[in-house]
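Student: Here's a structure for you.
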Amino acid sequence: MSGAKSAQGPEEGGVCITEALITKRNLTFPEDEELSEKMFHTLDELQTVRLDREGITTIRNLEGLKNLHSLYLQGNKIQQIENLACVPSLRFLSLAGNQIRQVENLLDLPCLQFLDLSENLIETLKLDEFPQSLLILNLSGNSCTNQDSYRELVIEALPLLLDLDGQPVMERWISDEEDEASSEEEFPELSGPFCSERGFLKELEQELSRHREHRQQAALTQHLLRMEMQPTLTNLPLLPGVPMAGDSSPSTTPGQGEETVPEAVSSPQASSPTKKPCSLIPRGRQNSLWGRKGVRASTVPKASVAEAPSTTKTMAKRSKK
């Protein structure tokens with residue numbers, strides 16, 4: 001991995017894999033003077049490298065990862081499968097969600113058992129480019145899966161395949177279980193670490209399924225939060241004097257109906273020759289009542305308004321007498 005100092009590819013100006021990027025995503029070091037030497041030895045010991053969603057366009061600079069068995073490169077901008085012969089021990093490779101158009105350069109990975117190429121741009125299926133060691137393969141989201149007898153052709157070409165596009169190859173699971181039972185009876189020594197590979201892959205597939213469900217749940221949660229914000233913004237209280245959209249008639253609450261103008265005018269204590277009749281209405285509610293069209297017509301009877309001048313004249317005559 002010497003010479004990989006910049007994340008920019010020299011040919012196309014794209015983003016490629018570098019020591020710095022691998023270290024940033026997969027390693028943590030205390031600050032000291034021997035950091036570069038420690039980083040070199042630690043990179044050599046890495047077995048799992050995660051470089052998903054980094055905008056990577058080119059696969060390169062993996063020569064220093066001698067013990068690598070799991071490589072996560074999903075969600076990048078990779079267009080070509082290349083430069084993987086330097087990691088022959090690779091068993092797990094995720095290239096989902098890239099821009100890959102054809103399957104190539106995978107025969108240099110004799111130990112590859114899990115390959116995820118879902119959500120790419122693969123149109124033509126080249127079955128002779130897949131390693132025979134594959135146990136789990138995912139090509140969903142590519143147009144090549146629409147060709148006739150796609151599933152049958154892939155299963156026939158890969159004799160060890162146990163799962164295709166998230167669907168188990170049932171006949172092989174059943175036959176393998178029977179073979180495993182008979183093998184344990186005839187050769188009990190083979191039930192140890194030699195046959196532990198399938199259990200590892202089951203756990204690996206379950207972990208990927210959990211990650212998928214977690215991402216879907218997170219996206220759903222964000223969507224629901226956005227939906228909850230919308231009614232909060234639209235159901236804000238109206239400003240005084242502003243009617244609701246689509247409401248042509250003024251609405252009167254029970255509290256407003258009790259504090260109407262006729263009660264204050266017809267009350268003997270409120271009537272006076274010097275002061276105009278008024279009602280005790282809160283300032284905000286008063287603006288709302290008088291700002292709406294037709295409030296006075298609907299809440300103040302004409303007879304009660306007309307009685308106010310006559311009451312004043314009667315009081316004036318009595319004072320003269």
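Numbering starts at 1 and runs along the chain as it is shown here.
Placed from the backbone N, Cα and C atoms, the Cβ positions cover glycine too.
Computed from a predicted structure; not experimentally measured.
Swiss-Prot lists these features:
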- 45-66: repeat 'LRR 1' (REPEAT)
- 67-88: repeat 'LRR 2' (REPEAT)
- 89-110: repeat 'LRR 3' (REPEAT)
- 111-132: repeat 'LRR 4' (REPEAT)
- 142-184: domain 'LRRCT' (DOMAIN)
- Ser175: phosphoserine (MOD_RES)
- Ser182: phosphoserine (MOD_RES)
- 198-222: coiled coil (COILED)
- 235-321: region 'Disordered' (REGION)
Student: What same-chain residues lie close to the repeat 'LRR 3' (89-110): Cβ under 8 Å, and 6 or more beyond its ends?
Tutor: 52, 66-83, 116-126, 129-131, 133, 138, 204
Student: Could you give the number of helix, strand and coil residues in the repeat 'LRR 4' (111-132) as assigned by DSSP?
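Tutor: Going through the repeat 'LRR 4' (111-132) residue by residue, I get 3 helix, 3 strand, 16 coil.
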Student: Tally of helix, strand and coil residues over the repeat 'LRR 3' (89-110) according to DSSP?
Tutor: 0 helix, 3 strand, 19 coil
Student: For the repeat 'LRR 1' (45-66), what are the same-chain contacts with Cβ under 8 Å, counting residues 6+ beyond its ends?
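Tutor: Answer is 1, 4, 9, 12, 14-19, 21-22, 25-27, 72-84, 86-87, 89, 94.
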Student: For the domain 'LRRCT' (142-184), provide the mean pLDDT of the predicted model.
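Tutor: Across the domain 'LRRCT' (142-184), the average pLDDT comes out at 83.
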Student: Using DSSP, what is the helix/strand/coil residue split across the repeat 'LRR 2' (67-88)?
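Tutor: Its residues fall into 0 helix, 3 strand, 19 coil.
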Student: Which residue counts does DSSP yield for the repeat 'LRR 1' (45-66) in the helix, strand and coil classes, in that order?
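Tutor: Output for the repeat 'LRR 1' (45-66) reads 1 helix, 4 strand, 17 coil.
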